[in-house]
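Below: the structure, in structure tokens.
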Amino acid sequence: MSFIKEYVERQTLHRRNLLLMSAYGLCGAVLGAAAGPGRAGAVTANPRIAWSYRDRTNPYWNAIVSGGNAFVRSLGMPESALINLINEGSSEKSLADIQSLLSRYGSGVALAVDPNDMPNCRPVVEAVSKAGAYVSTIWNKTDDLHPWDFGDNYVSHMTWSDVGPSEQTARVLFDAMGGKGGVVHLGGIASNNPAIERLAGFRNALKAYPNIQLLAVQAADWDTQKANQVMSGFLTRYGDSIKGVHCASDTMAYGVIEALRAEGIEDMPVVSYDGNPQAVELVTQGKILATVFTNPYWAGGITAALAYYAATGAFKPSAEPHEHREFLGPTILVTTKDAREFKARYIDTNPQYDWKNFWALASK
Amino acid sequence: MSGDLTLTERMRRHFPWITLVSVLLVVGMKDINFLAPENLVNLASDFVPLLIMAVGMTFVIYIGGIDLSSQSIANMATVLATISLPALGVGAGLLVIVAGLVAGAVSGVVTTRLKVPSFISTLAVGGIALSVGQYASGQQALHMDMAQRLHAFGWLVGQTAGIPHALVLALLIVAAAWFIQVRMVPGRTFKAIGAAEPAVIASGIRAERYRVLAFALSGMFAALAGLVFSVRLSGGSPTLAEGFLLPAIVAVLVGGTPLTGGVGGVLNTLIGTMIVAVVRASMIYFSIPATGQQIFFGVVLIIAIATTIDRSKMRIVK
Amino acid sequence: MNRFLAMDALRKWVPLLVLVGLCLFFTVVNPNFLSLRNFARIAISATPALMVAVGVTFVILMGSIDLSMEGTVAVCAVLFALALNALGGSIAGWGWVAIPGALLVGAALGAVNGMVHVMLRIPSFMASLSLGFVGIGLSLLITGGNRILIDDPLFRSLLTVRVWGFPLMAYAALGCLLVAWFIQDHTTMGRNFYAVGGAEDLARASGLDVGRLRIIGFVLAGVFYALGAIFAVARLGIAETETGRNFMFMSITSVVVGGTALRGGAGGVWNTLVGVLIVNVIGNGMVVIGLADYFQDGVLGLLVIAAVYLSTNRQSLSFVK
Amino acid sequence: MFELKNVEKRYMGVHVLKGVDFRIDDGEIIGLVGENGAGKSTLMKVMYGAVQHDAGSVLVDGAAVNFRSPRDAMKMGVGMVYQEQSLIPNLTVMENIFLGFEKPFVRFGAIRWKKMAQAARRQLAKVKLDIDPATITSHLTFAQRQLVELAKVLALEERVEGRLVILLDEPTSVLSRDEIDLLFSVVRALRRRASFIFVSHRLDEIIDLSDRIYVLKDGSVVDVLDARHADIGTIQKKMVGRDINTEYYREDRQAPYDEDKVLLELDHVRIAGRGNDVSLRLHAGEVLALVGVEGSGREPILRTIFGMLKPEKGTLRIRGEPMRAFSPARSVAHGVGYVPRERKVEGIASGMNVFENMTLSQMRNYSRGGVLDIGAERALAREWIGKLSIKVPSEYADCGNLSGGNQQKVVLAKWRSGGSEIILLDHPTRGLDIGAKVDVYGMIRDMSAAGVGIILVADTLEEAIGLSHTIAVIKDGEIRKWFNCQPGAKPSLYDLIQHMV
């Protein structure tokens with residue numbers, strides 16, 4: 001029955017907090033939580049580490065999680081110490097789960113998160129800093145939101161500039177096509193930032209290849225099955241005039257390759273993005289000409305590490321320069337030439353990373 | 001006649017809230033902190049958009065239909081609210097509500113006039129709403145200007161004495177929906193349609209109109225849910241409200257409004273939403289591993305539905 | 001009375017007419033649509049969906065509904081792939097055991113679904129929805145979120161080998177459809193599904209064990225979901241939790257578009273074939289005519305409403321839920 | 001030999017069967033008569049296993065049996081030919097005949113349709129019905145379906161050792177004279193294999209066909225008559241338990257109606273889907289009964305007046321005003337009230353309480369700006385509960401749990417309190433016990449006295465004769481004969497039946 005006693009004790013504390021809060025609220029600082037740097041709570045010796053991400057059915061997020069697990073192991077903790085929050089593509093669930101996490105562990109949380117949709121980043125960050133916990137984000141963030149506006153609590157944001165690498169894959173593709181012929185692009189969920197950037201990179205490359213003809217652009221929502229169906233449709237519509245396929249992700253490339261395989265087409269140039277193990281394997285076989293590795297393993301570890309070490313006080317985020325708070329993740333172009341070597345180095349085994357060297361692989 | 005009812009039958013109507021209290025207590029046993037008032041307030045306020053959507057859907061399920069368009073209407077609403085905010089200010093809210101009302105009414109007309117089952121008609125209308133959202137957004141995630149958002153909807157994001165305004169709004173909406181259900185002609189008619197549609201027609205009521213109204217209300221509430229979510233996230237995107245639909249349906253069903261209609265209601269949905277909220281939060285408190293969360297949710301759901309639904313009025317369980 | 005009967009007879013063919021009409025329309029806009037190769041493409045994308053839709057047809061004929069297919073397909077797909085790889089990786093060897101194994105898993109999941117529905121007296125909508133969550137979770141638990149690749153060329157020949165222009169999987173699916181038709185029209189069980197869907201209380205009064213029949217219906221549905229899972233794996237060579245995605249709404253839409261009534265007792269697997277083809281022709285055709293992708297959801301919705309509207313006999317329905 | 005000894009049954013506190021003894025010998029045809037509510041249908045349900053009796057015993061050839069379902073009864077050779085359709089409409093005729101007994105036709109899992117069709121043809125031949133066994137049942141006429149029902153029961157012959165007992169529940173109500181003759185010849189021919197229990201309202205047929213006649217009243221067998229010596233008058237007397245007197249139908253209270261005030265007029269109205277034209281006038285205070293056999297077209301007339309069917313031609317005037325659009329809502333707005341036959345489906349909304357049901361048709365009067373005045377609704381309900389002595393614990397009682405009589409009172413209160421001046425009564429006393437019937441008759445008189453025009457489709461001819469001012473005999477959708485029905489000058493049953501069939 002000790003929990004009742006514990007409850008009474010905590011309750012008195014809470015009531016005090018609540019009174020303070022209401023006084024604060026009545027003073028007019030209604031939006032207090034969002035503003036004001038320096039509300040960072042006491043540093044915690046042993047914060048809980050959590051990763052909030054989209055789903056477990058995707059190799060990309062699996063790599064993220066294994067990175068997170070590697071980091072947790074490096075601290076001498078079992079993998080089960082990493083709390084997984086899966087939002088299943090729902091911003092609402094993402095936010096609600098994070099709120100529950102915060103209400104359970106309060107300020108003692110080091111959170112790594114992909115907020116799922118750009119608008120969701122702000123409420124997540126606000127909730128974390130209100131609780132006095134620490135958060136590092138990747139991918140989705142609106143441009144008007146910056147870590148340095150939240151003191152120490154919003155530790156960092158890492159994203160990847162996909163425009164350049166996507167342009168590189170497109171160039172590999174166009175070269176393989178001999179600089180001429182028709183090409184189609186299969187995009188991700190159209191409103192997702194990576195989908196927009198990867199399409200932009202593709203369009204940039206087109207400018208340099210006047211004889212390449214853009215036949216069609218269509219969203220296949222990162223989905224293998226949908227990409228398969230869209231590709232079949234393209235084959236009917238454009239038939240033999242398709243000489244190359246540019247995919248915004250590996251998962252869609254699989255669907256495309258299978259659609260081609262069903263037609264007995266084995267030599268169509270295809271490029272993709274993300275550098276998943278299966279895709280790298282296909283690059284070694286020459287079935288995909290190029291993909292872009294964003295090192296999700298490292299990203300998964302380092303994002304958690306940033307939040308963790310900020311929470312323990314090992315470093316003070318507000319003392320770091322802006323380029324350490326918002327930075328670009330690594331991108332490595334994998335082509336048929338270097339795929340085997342790349343696979344041996346990054347896929348078959350994961351390199352040992354120093355999880356305290358936060359910006360070791362950052363692009364800038 | 002009431003003497004013939006067994007104890008279980010009489011207890012039946014209390015099962016939803018008993019379930020809720022039990023779940024709360026189970027999680028509270030694990031960590032007493034969970035039951036702290038401000039934690040519960042936070043938990044509740046996180047579920048405001050879902051609650052609003054589920055309350056709207058209650059009307060449709062109450063008349064024996066189903067609304068699968070809610071999520072898409074909410075998606076559309078986030079986009080419309082965001083793009084119309086600079087021009088219309090608070091009026092953006094009105095625009096969104098009207099858009100939801102119209103989309104819902106279309107589902108209603110297709111269901112009653114064209115006799116397309118609501119399962120299909122609402123799914124189809126949802127597709128249309130999604131297209132509108134995608135087209136209007138230019139297939140991008142949009143964000144609201146902070147100053148405009150504060151100016152138009154600042155009242156929605158603040159809190160007074162620790163109570164978030166959004167929660168107050170949600171409770172007002174629930175109260176309004178409850179008032180419609182128990183004290184107004186449409187609510188009474190919905191109940192009658194769910195209980196015995198032929199009797200409604202034989203009483204000279206234009207049942208079709210009320211059925212359309214139920215769908216329209218559901219659409220309106222879904223848009224409202226999208227609006228609140230959009231303001232909270234200060235942005236909009238045609239995929240922003242993904243993942244709302246099934247939890248909203250589940251909330252209605254767990255609350256004890258079965259798909260057969262005429263039983264349950266808005267307050268049941270309030271309880272159902274809270275059950276869903278607590279069950280979800282409990283996964284963190286019980287440290288359910290990532291790969292087991294879906295199974296946990298599904299199993300708890302079956303148990304919850306098995307205890308909450310009132311089978312006494314169901315002659316045939318389909 | 002005669003005029004009524006004539007209308008009735010005509011209405012039976014409306015879904016097929018809608019299908020033909022859609023094909024004509026897409027052909028007019030882009031003549032490439034009307035080609036054997038494109039029909040083969042439609043057949044490939046329709047095959048897994050057809051099996052899942054046929055499965056749910058049995059349940060809908062009884063007036064119930066099943067929303068668990070996404071979970072069941074996912075579990076069957078990953079277990080099938082794991083078993084195939086564990087048993088030597090080729091159906092030429094012991095790997096073939098994976099096929100009956102997957103069907104058995106589908107049957108078992110269907111049985112659980114049916115029993116929760118019948119024995120706990122939970123409406124099938126809710127029971128199957130919950131079990132769908134459990135199924136997806138189960139597949140996640142099994143794979144840990146990873147994808148399982150199938151490289152067996154013999155198994156993949158379902159996709160790669162063509163006879164008269166169509167891949168083997170299309171013929172295999174047709175065979176399964178014939179089995180489904182046989183069950184529906186030529187077995188006591190199949191006919192009893194119609195009896196339950198037509199008038200459950202009268203069927204009960206005639207001494208049918210309706211509860212047992214319902215469970216059997218769900219088991220049968222589970223077996224066909226497993227077939228759908230196997231074809232889905234054959235199509236992409238990948239088994240994962242995502243394999244089940246999108247099947248729920250698409251399969252039920254197909255069934256209704258084909259002219260099977262959600263209230264039960266009318267329609268059947270041939271209707272479902274037409275319905276699945278309609279939905280897949282629309283999906284393929286919208287890409288083929290180059291419709292902007294943001295309009296595709298809306299157009300699909302409008303066409304579905306139109307198709308169901310045309311094939312519904314509104315005189316016989318006083319109201320629809 | 002099939003026997004019931006001292007069988008008892010209670011439903012929700014109502015004593016429906018009170019120690020019934022019943023015996024049928026091999027090859028015998030037993031007539032079973034009784035008023036509605038006398039317990040006939042419950043007794044039959046006990047016989048064919050649809051309900052289980054509380055006490056007493058059912059014996060087949062002297063051995064006690066316990067039927068838990070109709071299927072158990074079928075296995076013992078007891079089969080039922082239902083009055084209401086029990087054939088599943090979307091199945092074929094042969095599937096219906098062999099539903100649940102398909103096994104003999106199955107080989108290697110497949111049903112051999114040819115074999116089943118042959119067997120079905122054999123059964124159909126027994127009832128002299130020449131149709132394709134593969135016809136979908138919903139495409140048959142009523143009479144054909146009735147014969148298929150009989151054929152279905154006769155199929156027991158091949159499955160069951162020993163003799164059959166076949167229950168015929170109102171088999172003749174939808175049949176033409178020829179078809180009835182056919183049915184009777186079939187029944188007589190089958191005597192060597194089966195015994196029959198024959199239930200009908202048509203006493204002449206009962207006397208014609210049966211060997212012995214059981215008369216049921218208030219749940220007990222009041223007499224067993226030898227059909228050779230029975231006549232309609234005595235049977236009637238025993239059924240009602242007294243002479244059908246003027247008091248029962250409150251004839252003393254029948255006042256002449258106001259001939260100058262026409263409330264409703266049908267002027268050569270052609271009923272949708274029927275093609276017949278109907279003209280009638282309803283005056284204030286008049287009770288106009290439509291009589292005719294089942295399926296003769298009485299309901300379509302009521303439904304047309306209520307706006308549920310749109311007439312193809314002709315004019316319908318309410319208080320002289322011709323109606324242009326037709327919908328129940330419009331009719332209700334013009335003061336028409338409808339008490340449907342399917343009380344539990346169309347009459348009351350079960351799951352809703354008394355006041356909610358009473359104001360269902362008139363919520364406009366009890367709301368302001370869409371907000372309901374629940375206080376006023378409850379007051380109304382309490383007033384009418386008192387006025388009609390409706391037996392309910394409170395106005396909050398769920399109407400689904402009320403007895404039939406009280407439900408009917410709620411429905412009548414709904415229309416009366418809303419001020420409806422034209423009330424359509426479709427079988428208003430169906431399934432009510434005697435006490436409740438008398439109450440309903442009283443209410444009809446009250447309404448009539450208050451100047452309400454009533455169109456009645458009565459449960460029995462006696463009821464129609466007893467209650468009405470005017471009777472229209474309907475056959476094949478047309479009014480064949482008008483009877484003036486003033487007290488003292490009422491037509492007899494035979495006068496009416498003569499024009500009905």
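Glycine residues also receive a Cβ, built from the backbone N, Cα and C atoms like all the rest.
Unlike curated entries, TrEMBL annotations are predicted automatically.
Since this is a predicted model, take the numbers as computed values, not measurements.
The transmembrane segment annotation in TrEMBL covers C:12-33, C:39-60, C:67-87, C:93-112, C:124-143, C:163-183, C:215-238, C:244-262, C:269-288.
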Maximum Cβ pairs under 8 Å to the transmembrane segment (C:163-183) - stretch from the list C:39-60, C:67-87, C:93-112: C:39-60
Among C:67-87, C:124-143, C:215-238, C:244-262, C:269-288, stretch most in contact with the transmembrane segment (C:39-60) (C-beta, under 8 angstroms): C:215-238
When counting Cβ pairs under 8 Å to the transmembrane segment (C:124-143), the leader among C:12-33, C:67-87, C:93-112, C:215-238, C:244-262: C:67-87
Residue numbers, six or more beyond the limits of the transmembrane segment (C:12-33), whose CB comes under 8 Å of its CB atoms: 257-259, 271, 274-275, 277-278, 281-282, 284-285, 288-290, 303, 306-307, 310-311
Tertiary contacts of the transmembrane segment (C:67-87), as residues 6+ beyond its ends and Cβ separation under 8 Å: 48, 52, 55-56, 93-95, 97-99, 101-102, 105-106, 109-110, 113, 125, 128-129, 131-139, 142-143, 148-150, 152, 155, 221-222, 225-226, 228-230, 232-233, 239-248, 251-252
Beyond the flanks of the transmembrane segment (C:215-238) by 6 or more, those residues with Cβ under 8 Å of it: 44-45, 47-52, 54-56, 58-59, 61-62, 64, 66, 69, 72-74, 76-77, 80-81, 99, 102-111, 113-115, 117-118, 147-151, 155-156, 158-159, 169, 172-173, 176, 180, 183, 189, 193, 244, 247
